[in-house]
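According to Swiss-Prot, the protein carries these features:
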| type | residues | note |
| --- | --- | --- |
| DOMAIN | 26-155 | domain 'N-terminal Ras-GEF' |
| REGION | 206-244 | region 'Disordered' |
| COMPBIAS | 206-236 | compositional bias 'Low complexity' |
| REGION | 260-326 | region 'Disordered' |
| COMPBIAS | 275-296 | compositional bias 'Low complexity' |
| COMPBIAS | 297-310 | compositional bias 'Polar residues' |
| COMPBIAS | 311-326 | compositional bias 'Low complexity' |
| DOMAIN | 353-582 | domain 'Ras-GEF' |
| REGION | 586-658 | region 'Disordered' |
| COMPBIAS | 591-612 | compositional bias 'Low complexity' |
| COMPBIAS | 646-657 | compositional bias 'Low complexity' |
| BINDING | 698-857 | nucleoside 3',5'-cyclic phosphate 1 binding site |
| REGION | 1059-1108 | region 'Disordered' |
| COMPBIAS | 1059-1087 | compositional bias 'Low complexity' |
| BINDING | 1105-1218 | nucleoside 3',5'-cyclic phosphate 2 binding site |
| REGION | 1167-1210 | region 'Disordered' |
| BINDING | 1182-1303 | nucleoside 3',5'-cyclic phosphate 3 binding site |
Amino acid sequence: MTDYPFYKPDDETNIIYNININKKEGFSAIKSCSLAKLIEKLTSTKQLHTYFSSAFFLTYRDFTTPLEIINLLISRYTGPPPDSSKDSLRLFEIEVDIVQANVLSIFRTLIGTLIQVDFDTPKLSSSIIEFFNSLPESVKNELFLEFFKAKKMARPPGSIPKPVNSNIISSAASTMRFSYSVSPKTQSPNSTNNVLSGLLSNNGSNTMNGINGTSNNNVNSNNNNNNGTTNISSPNFDPSRSSMKMGKGIMKLLQSNIANFNNQQNGGGGGGSNNGTSPQSSPSSTLSSTNSLFNQQPSLSMLNDDGSVQNNNNNNNNNNNNNNVNEISTINVQLPPSTPPINGIPGEKTAFLPEAIAKELTIMEWELITALSVSDITSKEWNKSVNIQNLTTWFNRISSWVSTKIISKETPEERAIIIEAFINIANFAKELKNYNCVMEILGSLHGSSISRLKSSWALLSQKTNDMFQILNNLMTTDGNFKNYRKILTTVLPNEPCIPYLGLFLTDYTYLDESNPSLSTDSNLINIDRIFLISTRVQEFFQLFTNCNYTFISNMSVRDAILGEKVWDENEIFRLSKIREETSSLQSLKESNGIGNSNSTSGGSSSSLVNKDGSGGGGGSGGGGSVNSKGDGKGDGKDNRDGRGDGNSNCGNGSGISSKDKDLLLSSSSSAASHTVRRKNFVTKYRMSFTGNDPLPSVSSTLSEREWKILTTNSKTIIYPRGKTVLSVGETNTNIYRVISGRVKVETLKSFNSSDADLGAGGGGGGDNRGEDNSLMAIKARNRLSLNLPAQDDGYYVEEGEIFGQESFLYTDRPMLSNIIVDSGECELMEIEKSFVLQLFASEHQLSATFYKFIGVIQAQLLKSIYINFTSNYGNGGSGGSGSNGNGGGSSNGAGGGGLSSSVSIGNLNSPNINRIDFKRRSTIFETPSSLDILRDGNDSSFRTKFGLSQDEVIIKRYQCKHNNMNGTLYITKHNLCFEGKFLGINKNKTIPFDRTDKILTVDKNIMTVTTKEKVKKFTFKSHDDLNEGYGISVQIWANHLNINVKQQLQLQQQQLQQQQQQPSQQPSQQQSQSSQLQQSVSASSTTPPVPNSPKVGRGESFSNIKDLPSKDEWNQILKGTKPLTFKKGEILICEGVEYQKMFQIVKGECSVVKSLLPTPLDQNIFNNINNNNNNNNNNNNNNNNNNNNNNNNNNNGNNNNSIFKNNSSISNTNSNTSIDGGVGGGLSPQTLVDPKNSVIVSKLTHGSIFGEMSFLLPGGSATSLVVSSDEVEVYIIESYFLHILLKSKPYLASKFYKYLACVLETRVRNLT
């Protein structure tokens, strides 16, 4: 007798019922049963139990296989065999119609759960097809149609996009955009493809922005994303909805499981990897946010695809005849949106209300969550599920974006505004029932990076704090999210809701792991588990199924959000420590009543008031942020002139180092008044979206006010045309600014015939050791090979620009160029170096701005050399000599040999080519900041108060006492001014320098100013203030009277000697005072004696230069670095791509490579470079401006041309990788450098830095960087980290920017 699995009597071997439950209750009465008994019960009812059927197929793969179920269903459909028992045959005969109908219904559900692996199993497919063929014709056709449709729609378990090769340097900070794919099976009508831009298709048909999707269909679907309902391929659920009750202690168990999962996922490291192997664990990033939301920031799982590069289809025919050389199609590199315009004028900032932002975030997350299918959840391979990974990545990106937006703001007030804005966004998201968004924002606000910003949180209004507390109570983890689960039960069936995905995955993980699929004692199927999991899945999917939001997407808001920058989690943490350190020191300053007497720097320029309007402290001339009691509180008034109302000295700065004081004074006050904050109420809740908004950083230009300070001791000189201002070999000790007219800087570098012959037609071996391989030398050799006269390279310094800035970088270095007047009459301002250096000793912010300004000038000059070199390529009609000296020229104007340092470049500087008039940015002033405007207002009020001329500005101010009256002493260009208050009456005194006979110092921190009328005494708070103020005052006074500063020192020493003869004096103290004064005065005429900086963090040797970063200071900078290793031939930087990073070579060697053909960046900046192309078309499309004669430039090249002398070809090992933000669609970094049309400019070795030009200037990189040694290790530091670090530490910024200026000046000098 054949064993038939059905119609067996119920016993403990095949079914177990729950106690005290009527068996007539159906499956709810069953505790566990065998698979055959389950199918028997499921198919024997008159009406199929659709809810249990759907619930069963959610979890059936945990205890059986599709093939086993198919065999049982076929056996159930055909009935018992003839030799079965009579009872079995009789029972089947009675219910045959019901059974067969139910079996076919179950078959339809089963087919919908099959995946590609199942269809690829021959035995399973053949069993289904054979069974279908045995059915009646009408039923057979219907089932076959469903079967093949499901097979076509089936896909293998989705895999997340491969992460970008960690060795490829990102071209910009990550943005909200990231790449992902969506299967047509799970793609919702809302077009999930359109949620996140940056989607790169294989054929590169995407738009550059990625905002509009990949096709017109996507655009249309996005515009109509609210007009339909969302359907998901899920089983039919019971319409009843009940909240899942979770027992106590569940979260502790989950934390243990999740911790184990995170260790598997991340190897104990940070969150960034999603390559875990545990199929029953939830994504680390989402779950870690669930369990430690209020203890730490969610870990990041970033995919750095914030931009794209597409191939231009119009250029598909370029290089099509070259079969042996790497082909390069014309690549249209779109500069990132963060690139400021060339003229330095930023665009308008867009701003949106929190409600608009919350709505757009809701729409985008709705499109993502409605793409989820039940199979994404039940497969438990969440690390391979594309839709879950999209939501997980989105969750972490939003959380990181919130942190980035807050940390990027410089002042506590600004950070408080952003925090309030995000709390309002979260509140609107709660009203929209987007609880996933609420958790994204709360997860960031409760992270350690944001929660430590106490000074910012203290500025929140009570209304915002109450709102924040309500949100916390709603999403608190207390009672296993009791409040959140309760609010979900109130959501109506037709009301759209976006639940918190992390909690659902946590619940699913718990239910799956705490309820075994088979009972341990009887090995029967656990029916309770099926009900528990199906109920939870039903609750989750029912929240966003068959309903939709009624509002439509706002593309402006979407584009703004997707263009926002997202920083690395670890760097956010480090930057928040810097922010909190700055705010803590500021609070300490206020609590101690420290005014602004020791330094006047603050904000983005050199001087004189803090950002909150405070000035020189808490005396009668104090600065508004410190009152008469020295308690650090303001008077509540908007004192635009920086004056306070106190009558007594405030506390001193004991216990705070000079660096900390500088940090204090450079930071903004966190004690802004409530009245002032309420003035910004209208705009404070409109968040500015600039994804490219430049970070608060040291200004790269000097304002007119700063120029007035720097030119305090300057003199004006008028030169006629042709007059040589400075000549080669002369030692310059000043800096000059052109007031009117212009001068020419002539950089003459001659090459004798022997030097030129090294690269021209002699020597067949081509061993060119000992030759000058600089860019200018190559150009000169090629000019000699064409019998062209030598060309002197130079540039013009126009009105408002400066020259001679090298004197501030080096001491006693002879001039390497001639400075000649090139206009009818030229008026120059000669700025005294000694006074400026004396001022820099205390004005670190002004010093940093000045040296950054010089660095920018050097970077622009270097960039102009590169672009001019490119613009003159290929214009000669004669070919140059080959790299081996064989002179086999070609008509394209380029040598045909492999690229080496001595490659012939052809007629680079043909006389018929106009040189580019590169206008340097030293005359372009940035838009004045609010702080600049405030300072200008203070100067205006100050001039009015003392009746001074309009050219007067406050250089320094000090708290002091005069005639028993506390006040403030101001040092200006022409006067000493004292402002005090006695018995409520203001006392103002002005002492012109030109009416002063002498300035001396005496005991007890007293400086005496002698005039014809009488001697005035000013008592400073400290010796440091006295020495600093005295040194600056003597410099200005001596300049007014043309007195030698050393004579003043001798007078002071004579006075001290006379005083020493009196018994009442203390000789030791006077000698100490004399020594201090001598140091102060000598510092006014020489560079401040700072110890030489060790050679740490740099390769160039600047051992004779002072005021460079020390070893400890370099360690501060290198804290934000990331080490990466590259192999020989790999390209670290691609020309034309913007890199918001700086790099340092730790080990190995790299070659700086310049393309001989204009890059798209060159064409965008200088659209006149290619005006002489053979196709003189008048269109302005720079990306297609290459002439047709250049299409075959690569046809004559040799095989495997290399940019290295050893002829090793460029490695293509990373051909499948992409550069973040710059390259996509299968393009590798190697395809961006054409070895035939490139030349090595220089070599960089251990310790060298690069990327400094991109750090100082906007736009893409001017050169490429290629690894030339076997291996190179580099440190990478993000520019935003460096900007914030330097902005918060002006004393370090001054040294760092001076170092950058020295590096760039050296490179310019080597190329000219």
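Note: Cβ is positioned from N, Cα and C throughout, glycine not excepted.
Note that the structure is predicted; figures quoted are calculated from it, not measured.
Mapped onto this structure are the features recorded in Swiss-Prot.
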| residue | record | DSSP class |
| --- | --- | --- |
| V698 | nucleoside 3',5'-cyclic phosphate 1 binding site | coil |
| I718 | nucleoside 3',5'-cyclic phosphate 1 binding site | strand |
| E798 | nucleoside 3',5'-cyclic phosphate 1 binding site | coil |
| Q838 | nucleoside 3',5'-cyclic phosphate 1 binding site | helix |
| I1105 | nucleoside 3',5'-cyclic phosphate 2 binding site | coil |
| E1135 | nucleoside 3',5'-cyclic phosphate 2 binding site | coil |
| C1150 | nucleoside 3',5'-cyclic phosphate 2 binding site | strand |
| A1262 | nucleoside 3',5'-cyclic phosphate 3 binding site | coil |
| E1278 | nucleoside 3',5'-cyclic phosphate 3 binding site | strand |
| S1294 | nucleoside 3',5'-cyclic phosphate 3 binding site | helix |
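When the Cα of V698 (nucleoside 3',5'-cyclic phosphate 1 binding site) is compared against those of the binding-site residues I1105, E1135, H1246, S1294, the shortest separation belongs to S1294.
Following the DSSP three-state reduction, the secondary structure of H1246 (nucleoside 3',5'-cyclic phosphate 3 binding site) is coil.
The DSSP breakdown of the domain 'N-terminal Ras-GEF' (26-155), given as helix, strand and coil counts, is 100 helix, 4 strand, 26 coil. Within 10 Å (C-alpha to C-alpha) of A1262 (nucleoside 3',5'-cyclic phosphate 3 binding site) lie the following binding-site residues from I718, V738, E798, N818, E1135: E1135. Of all the binding-site residues listed here (N818, Q838, S1294), the one with the fewest other CB atoms within 10 A of its own CB is N818. Cα proximity to C1150 (nucleoside 3',5'-cyclic phosphate 2 binding site) (within 10 Å) is found for the following binding-site residues from I718, E798, N818, H1246, E1278, S1294: H1246. Within the model, the domain 'N-terminal Ras-GEF' (26-155) carries an average pLDDT of 83.
With the fewest other Cβ atoms inside 10 Å of its Cβ, the least crowded of the binding-site residues E798, E1135, E1278 in this structure is E798. H1246 (nucleoside 3',5'-cyclic phosphate 3 binding site) and I718 (nucleoside 3',5'-cyclic phosphate 1 binding site) have their C-alpha atoms 47 Å apart, to the nearest angstrom.
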